[in-house]
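Right, one structure below, let's go through it.
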Amino acid sequence: MSLSSLSRALARSARSSRQRQGSLLGGHGGLRASSPPLPCGELGFLRSYVTSVIGNRAAVASGAGKGGDWRFLLASRQFRRLFSDKSKKNHGKHSEEENKGKGDESDKSDSKKQSSSGDQWNFEESIKQFKDMIAPLFLFGLLLLSASASSSEQEISFQEFKNKLLEPGLVDHIVVSNKSIAKVYVRSSPSIDRIQDSDIHITTSHLPGIESPSSYKYYFNIGSVDSFEEKLQEAQKALEIDPHYYVPITYTTEAKWFEEVMKYVPTVLIIGLIYLLGKRIQNGFTVGGGPGKGGRSIFSIGKVQVTKLDKNSKNKVFFKDVAGCDEAKQEIMEFVHFLKNPKKYEELGAKIPKGALLVGPPGTGKTLLAKATAGESGVPFLSISGSDFMEMFVGVGPSRVRNLFQEARQCSPSIVFIDEIDAIGRARGRGGFSGGHDERESTLNQLLVEMDGFGTTSGVVVLAGTNRPDILDKALLRPGRFDRQISIDKPDIKGRDQIFRIYLKKLKLDKEPSFYSQRLAALTPGFAGADIANVCNEAALIAARSEGTLITMQHFESAIDRVIGGLEKKNKVISKLERRTVAYHESGHAVAGWFLEHAEPLLKVTIVPRGTAALGFAQYVPNDNLLMTKEQLFDMTCMTLGGRAAEEVLIGKISTGAQNDLEKVTKMTYAQVAVYGFSEKVGLLSFPQREDGFEMSKPYSSQTASIIDTEVREWVAKAYEKTVELIKQHKDQVAQIAELLLEKEVLHQDDLVQVLGERPFKTLEPTNYDRFKQGFQDEDSNRNAELSNADGASSLGEAVAS
């Protein structure tokens, strides 16, 4: 029931009560003798109850001293229904009486069920219902009092009092209440023919139970007591009333409980608001908090919110779910074995390392390996991010560190994992820009003390992950705190095969997962575990978008293009001249790489725009080379410059499309000259650049810098000359490939073989492209067979020679 409907019902009930009261008073003064029947409906019982209370107000007021006069309220069915749990059921029964028939039997069965269930009294449910009833009952009481306040007492002016009440002699006595209001009590049996104005109605009939000689009918404001007495005395003198018959005046101090209650309403509201704010602060009014963790109460800001996993938790990750980092997994498993079987190591006098730092590029599986440790260890695992220690308030970081290790010691043996520890573990005072004493340093100092300081206890193993070990404080990396640094690199081709097998098990493929895992592993060199998971998910999305029932190799190739090059934009507006320029540019890359010995084998070339700036690209399948020779880097430079050379030779104009190629060439050539020591003029010197690019001064002189710049220009010019000569030799083939690109937009290696023929260079070992076509396990078996045959042939030859 809404408050608006309740207020409207009360207003209608008040009007009907006045009409009913007029009918009870017997038609005096033009009051209507009857009132229309009360409307029945959803609020019928409430309106009838309020009407009965207001209509009999006079009877209750006169008999307030008699407790029995309230019995009619307690005996009222509507009154009892307000405070009964069965009100809704009875009300529902009334509303359903209109629809007889099948509903009768259901009502009887429901009433039996409800009566049987009502016998079981639930204290907590009753308390909850009582709390829910407080606010509606309080509001209902205020509305009831406001409705009952509109009584028959009439406010008049002093002039009306003088002319219409005092002059005819109708005033019995006056009661001045609270020195502000004069209540006029009219005689019980006045002479009605002396009343001159019909606007004031005095009733001679009495209601049942009223025996007082006078009744309180009128009131007016007096302003002040002295002025009121003077006015009244002057009025009585003017009327020539005998002083012995002056109207008696009494003064009272009345406390109207409704007004007194209303005085405290603002205070109660303020207290209630403060209480609600307090509850909100404890439950929801928060400060900080990581994603998925919610916020922190302002009163518990020093406490740390830890993700705690135990052996009974669901959605565990095990070591079998981690692939591509076998060596790192083996080292982490030693911690788990020690926690499960500590006696085996203690008998040999060994101590478990206090901590291990997981180091590696982003997406290699550091956090996943920590989750697997939590699932396999069988001990409490507490996980937190390094940024969760930092807050806007001073001293919160150290407090949270203490709270974290205190909780870990309470449930020892346990494992604590701090992800992205570089947020609090940066070197203190590095470079003179960090300030003397900040919140991060205080947090780091507290972490150092908790890991290895006075008062530390055994049983807590600390794991941490970071991709920036070079910026960590040396005190944090020393033995006794992080005894081990476990490096997790990007997986090789076999590691990628294992990772693909894990993710492909969850997909619906048209062939076996091993078929795809081998070929996709060869197709994705340099991909980390997170990139592989993204490729598998993108392939599933592309298959679903194309209404496919199974995922095929075409979907995986499109997913790899999406991850490498960005979103495909076939609707991008490109002019014919620009499209032709892009086609010749990409064909120049393809031809240059095809006829260079140390260049990477080409997978496909396309002129479909992708990403934000790429109008086309050539995709290669590089090998997982750990070392690069000078000749390999030179051929890669020539292949990168093939696009610019094709534009100059075939179109006669150069464009800005080679900007990215020139950037790669510049970076590659500077590395050869200044880092790898390939230049004879610079010598065997290496000047590696910092990754952050922040250097106040160069580690070499200006003369050396000039030599480096000159060498880089000469090397790039030499590579460009060779590339131009190569493009001129195969000018017709470049044009054919460009026309095919304009026609098909995408060319694979098979299409290039038809135009260019087989590559003139053969490698002794299979390339990643060969593994992509055939699968590397078959190649390994064939290679082992060839080696065994070669060994047998050599031994046979030696025997014959002997």
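Note that Cβ sites are derived from N, Cα and C of the backbone, with glycine treated the same way.
Annotated transit peptide per Swiss-Prot: 1-21, in sequence order.
Look at Pro362 (ATP binding site): DSSP puts it in coil. Summarising the environment of Pro362 (ATP binding site), the number of other Cβ atoms within 10 Å of its Cβ, over all protein chains shown, is 9. The annotation ATP binding site is assigned in Swiss-Prot to Gly360, Pro361, Pro362, Gly363, Thr364, Gly365, Lys366, Thr367.
According to DSSP, Asp661 (Zn(2+) binding site) sits within a helical segment. Sequence annotations record features per position, and here Swiss-Prot assigns Zn(2+) binding site to His585, His589, Asp661 based on similarity to another entry.
The Cβ of Glu586 (active site) has 25 other Cβ atoms within 10 Å, all protein chains considered. Glu586 (active site) falls within a helical segment according to DSSP. Positions annotated as active site by Swiss-Prot: Glu586.
If you measure from the Cα atom of Pro362 (ATP binding site) to that of Asp661 (Zn(2+) binding site), you get 26 Å.
Remark: Thr367 (ATP binding site) has Asp419, Gly465 as non-local neighbours, by Cβ distance under 8 Å and separation of at least 6 in sequence. Geometry remark: Glu586 (active site) versus Asp661 (Zn(2+) binding site), CA distance 11 Å.
Rounded to the nearest whole angstrom, the C-alpha distance between Gly360 (ATP binding site) and His589 (Zn(2+) binding site) is 33. Checking each of the binding-site residues His585, His589, Asp661 against Pro361 (ATP binding site) by C-alpha distance, the shortest gap belongs to Asp661. Closest by Cα distance to Gly363 (ATP binding site), from the binding-site residues His585, His589, Asp661, is Asp661.
Of all Cβ atoms in the shown protein chains, 21 besides its own fall within 10 Å of the Cβ of Gly360 (ATP binding site). Residues Gly360, Pro361, Pro362, Gly363, Thr364, Gly365, Lys366, Thr367 make up the record's ATP site, and a Cβ search at 8 Å around their centroid adds Gly465, Asn467, Ile488, Ala528, Gly529, Ala530 from the same chain.
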